[in-house]
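*Asks:* The structure is given below, and queries will be raised subsequently.
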Amino acid sequence: MSEDSSALPWSINRDDYELQEVIGSGATAVVQAAYCAPKKEKVAIKRINLEKCQTSMDELLKEIQAMSQCHHPNIVSYYTSFVVKDELWLVMKLLSGGSVLDIIKHIVAKGEHKSGVLDESTIATILREVLEGLEYLHKNGQIHRDVKAGNILLGEDGSVQIADFGVSAFLATGGDITRNKVRKTFVGTPCWMAPEVMEQVRGYDFKADIWSFGITAIELATGAAPYHKYPPMKVLMLTLQNDPPSLETGVQDKEMLKKYGKSFRKMISLCLQKDPEKRPTAAELLRHKFFQKAKNKEFLQEKILQRAPTISERAKKVRRVPGSSGRLHKTEDGGWEWSDDEFDEESEEGKAAISQLRSPRVKESISNSELFPTTDPVGTLLQVPEQISAHLPQPAGQMPTQPTQVSLPPTAEPAKTAQALSSGSGSQETKIPISLVLRLRNSKKELNDIRFEFTPGRDTAEGVSQELISAGLVDGRDLVIVAANLQKIVEEPQSNRSVTFKLASGVEGSDIPDDGKLIGFAQLSIS
């Protein structure tokens, strides 16, 4: 009978899958173990909510078809996919060893990381397999875009496979994935994200995966990405403004890093070069001296799988076996339960979809579904509301010598604004707008004052910055840095009434950056 069941095609009938424990979750999806009765095999099902995606199913199916043609021992096998109500179910191979992140957390929880989380041989063995998978993807025109320990899975035999590519990224871009080799979509996890992906200026290619690979190497040694303690906006600012991170970045106890040698550190520094052209390819990295330390899968089986958490230890039990309807959501105590009610806006899943961080003044913003959640499809054009565009300054050629005063809608008194913000600003009830002025030079090198309002609980720093760029007031390269400093002010208005910061767009020709004269710099203040 086993031979007969293995010859059967994978079912696209929801009733043929018995959903079991939750084995992973993110902002937009839940992964559950499941038993496929016709195949007599346990699988993993990734359930992605399509309700807010508005992606063309024709385009989506084309991408799934391309993904299903990926066959490589270091890429998780996708068996089939189908739609259940407002969810896309991806059926894939279940790797019982879990993710490398599961193992990292397990080691740290047991206090066995004082001299580094994983040793060099283990890291080299895991990462060599990851490189094999990345080389395959890159040769086939695919960019993974979210390489990290949480997306590196282990089989019970010590095999290593990369998961979570293709459709996940496809959904996050609103269906705007083409077969071009350069992307401009903003997808990925901030701590692992390459600078060129953050900037959204030149576009990026497969070298973005190499940066993420370097961050992952640090994660396997230290237990976390370098800037993991910081909020997303701060991560973006640190990545763009600072020198590339190293093994030591953010690590307080340097003793834990003593056992890591020069070849490992050199490999990391090669990956973490801000200029993507200087980074090696996956094929070139495979020839690096560090990977001579790599061993076989039996080594991983013996070295880490025997002390890894079991699938039952990793799992989050579902409180009620679901029927054909209902929603899965996380409860306050971290458990999972099914609800037959309409979308629960108070659940974690609901919050992700409702997107509390979204700016209503921007109809559809280009964003990262994890970093800047929105309820609209991603990758569509921005539209500036009439009430704002009516107050925009004149074109650059008509700018006066003195800073242009751009008067936006009436503002609240600064004192009241600061008081409101310091006493619980972010609540939906407290919608007192904060008046701000952004002073920077235009393309004619003339100072320009841009006045606008920010309403806590309604606006987001990223959304407002997008409006300024859409209106032609701010260079697109400065999106992240303007948003980061706006966030800094609205979070702590009393201590940050005015900030001066360096622009990512830099200066032209022979100009010398000057923070006093705002050459290559900008100033953001509460007015």
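The backbone N, Cα and C atoms fix where each Cβ goes, glycine too.
In case it's useful when we look at the structure, here is the feature table from Swiss-Prot:
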type: MOD_RES; residues: SER2; note: N-acetylserine
type: DOMAIN; residues: 17-291; note: domain 'Protein kinase'
type: BINDING; residues: ILE23, GLY24, SER25, GLY26, ALA27, THR28, ALA29, VAL30, VAL31, LYS46; note: ATP binding site
type: ACT_SITE; residues: ASP146; note: active site, proton acceptor
type: MOD_RES; residues: THR185; note: phosphothreonine
type: MOD_RES; residues: THR310; note: phosphothreonine
type: REGION; residues: 315-360; note: region 'Disordered'
type: MOD_RES; residues: SER324; note: phosphoserine
type: MOD_RES; residues: SER325; note: phosphoserine
type: COMPBIAS; residues: 334-348; note: compositional bias 'Acidic residues'
type: MOD_RES; residues: SER339; note: phosphoserine
type: MOD_RES; residues: SER347; note: phosphoserine
type: MOD_RES; residues: SER359; note: phosphoserine
type: REGION; residues: 392-427; note: region 'Disordered'
type: COMPBIAS; residues: 399-408; note: compositional bias 'Polar residues'
type: MOD_RES; residues: SER427; note: phosphoserine
*Asks:* In whole Å, how far does the CA atom of SER25 (ATP binding site) lie from that of the residue listed as 'active site, proton acceptor'?
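*Replies:* SER25 (ATP binding site) to the residue listed as 'active site, proton acceptor', Cα-Cα distance: 15 Å.
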*Asks:* If you count Cβ atoms within 10 Å of the Cβ of ALA29 (ATP binding site), leaving out that atom itself, what do you get?
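*Replies:* If we count other Cβ atoms within 10 Å of ALA29 (ATP binding site), we arrive at 21.
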*Asks:* Between ASP146 (active site, proton acceptor) and ALA29 (ATP binding site), what C-alpha distance do you get in Å?
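*Replies:* Their Cα atoms are separated by 15 Å.
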*Asks:* How would DSSP class SER25 (ATP binding site) in three states?
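*Replies:* SS state of SER25 (ATP binding site) = strand.
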*Asks:* On average, what pLDDT score does this prediction assign to the domain 'Protein kinase' (17-291)?
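*Replies:* That stretch averages a pLDDT of 85.
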